[in-house]
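Following: one structure in C-alpha cells, then a few remarks.
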Amino acid sequence: MIYAAEEVRARFARRGLSFDPTVEEIVRGILEAVREEGDEALDRFSRDLDGYPVEEVPKRAWREAYEDLDEDLRDALETARERIEAFYREEARGGFLRAEGGGVLAQLVRPLERVGVYVPGGSAPLLSTLLMTVVPAKVAGVREVIVASPPKVHPGVLAAAWVAGADRLFAMGGAQAIAALAYGTGRVPRVDKIVGPGNRYVVAAKRLVYGTVGIDGLAGPTETMIIADGSASPRLLAADLLAQAEHGPDSEPWLLSPDRALLERVEAELSWQLQDLPRAEVARQALEKGGLVLTKDLEEAFALANLYAPEHLSLALSDPLPWLEKVQNAGGVFLGEGSPEALGDYIAGPSHVMPTSGTARFQGGLAVRDFLKVIPVVGLSEGAARELAKKGALLARAEGLEGHARSLDLRR
C-alpha cells in the first residue's frame, strides 16, 4: 500500500518502546528467585523452560564446532571478524592528561572487567550476533566476555565464539540467563554489563536489572527505512525490504520516495518476489506493519526519517553522500544500492546491534565506547586550589550547602 506522507507523520511521531506488564511480572519473579537461590533456581527455570539444566560449554567443543564447519563458512566468519576488528580499532578511546598551574587534570579510560553477551536461540543460529557483540568488547580490552545462549547451543554459535575470542560460554537462555549474569550464581560470575538482543522476556529482564548492571539498550523488532529517488532499481529495493521483513512479523520495512512511478514498480516487484520467498508469510505480515510512502520531495523524506529514527536507514539515491548531512536520527546509514543493509547484518564492519523503536533519537549503535568507562582525575596545586576556592564557595552557598563552602574556605 502506498501512503501519503501526512498519513504516517503522526504514527512516526508516537513511536517508542512499550512493555507488557504481564511479561514484566513473570520476569520479576524469575529474577528474584535466581538472585535469592542462585544455581538451584537457575537450573529449575532452565529445565522447565528450555528442557535442559544449565551447563558451561568447554572451549574444546567450540574448536571442534569450528573445525567441523564448511571451509567457506569458516572463511566468511574469519573475514567478518577481521572487518569488525578493523572498524572498531579506528574508534578513539584514549584519555588525556593536561598540566594546569602546577597540577593536572586528566581523564582515564578503562575497559569494563567482565561483560555478558546474550545470543538468542531459535530456528536460525545467530552467528553474526555473537561476532558483532564479542569482537567490539575484546577490541575495547574487556578482560572476560561471557556468552549466554539457550540450550542446546547451535554448533555455528560455538564456532563463532571460537572465532570471536569469547572467554566462557554457558548454555542458558531467557530471563534466567540475564538474572544469572546480573547477580551471579555459584557457577556463573556476575558481569558489569549485559549486551545483545533477545525476546520480550530477555528485554524485560535487561530493563529490570539495569542499575545492578549496565545494559546496551532495549531492542524491539528490527526496522529498515529506505529513501529512494527515480534512479533506484525497483528489484533491488524490493529485495532489500524483504530482507528485513523476513526477520519477523513485527518488523517494519519502509520505503520513502517522491517518485510515485517508482513506488508502484516496487509494489509490483514485492508481490513477484514474495511468491518463492521461504518466509513469505512472515514477510507479508511485516510489510503490513511498514509500507511505501509518497513524499513531496527528498527533503520531506529526510524529515520523516528523522522523525521515525530508524534502526537502519538506506539511501538509494543517485548521489547519496551530499544527503548524509540531512541525517540526524538513525542507528546506521547505508549509502547507495551497493551497500545493502544485509551486508551490514553480517560482514561490512560496524556492529549490527543498533537502536530500535525510535531510540536512535538519543542512542547510537553498539561500539567500543559501550565497553569503556571514563574516570576524571583532578590534581590541583595549592595555588590553583586557593584561586578557585573562593568562587567555588560562592557556588556552594548559592546551593545552600554550607559544609561544601567551609571545606573550600579552608583552602583559601
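Heads up, the Cβ atoms here are built off N, Cα and C, so glycines get one too.
Taken from Swiss-Prot as is:
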| type | residues | note |
| --- | --- | --- |
| BINDING | Tyr118, Gln176, Asn199 | NAD(+) binding site |
| BINDING | Thr222, Gln244, His247, His312, Asp345, Glu399, His404 | substrate binding site |
| BINDING | Gln244, His247, Asp345, His404 | Zn(2+) binding site |
| ACT_SITE | Glu311 | active site, proton acceptor |
| ACT_SITE | His312 | active site, proton acceptor |
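Recorded features from Swiss-Prot, shown on the structure.
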residue: Tyr118; record: NAD(+) binding site; contacts (Cβ under 8 Å, 6+ apart): Val147, Ala148, Ser149, Ala177, Ile178, Leu181, Ile194, Val195, Gly196, Pro197, Gly198, Val202
residue: Gln176; record: NAD(+) binding site; contacts (Cβ under 8 Å, 6+ apart): Ile30, Val34, Ala41, Leu42, Phe45, Ser46, Leu49
residue: Asn199; record: NAD(+) binding site; contacts (Cβ under 8 Å, 6+ apart): Pro120, Gly174
residue: Thr222; record: substrate binding site; contacts (Cβ under 8 Å, 6+ apart): Gln244, His247, Gly248, Ser251, Glu252, Glu311, His312, Thr356
residue: Asp345; record: substrate binding site; contacts (Cβ under 8 Å, 6+ apart): Ser128, His352
residue: Glu399; record: substrate binding site; contacts (Cβ under 8 Å, 6+ apart): none
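Taking all protein chains in view, 29 other C-beta atoms sit within 10 angstroms of the C-beta of Glu311 (active site, proton acceptor). Cβ crowding, taken as the number of other Cβ atoms within 10 Å, peaks at His312 among the binding-site residues His247, His312, His404.
Surrounding the centroid of the Cβ atoms of Tyr118, Gln176, Asn199, where the record places NAD(+), the chain contributes additional residues within 8 Å, namely Pro120, Ala148, Pro150, Gly173, Gly174, Ala175, Ala177, Ile178, Gly198, Tyr201, Val202, Ala205. The binding residues for NAD(+) are recorded as Tyr118, Gln176, Asn199; their greatest pairwise CA distance is 13 Å.
For Gln244 (substrate binding site), other Cβ atoms within 10 Å of its Cβ number 28.
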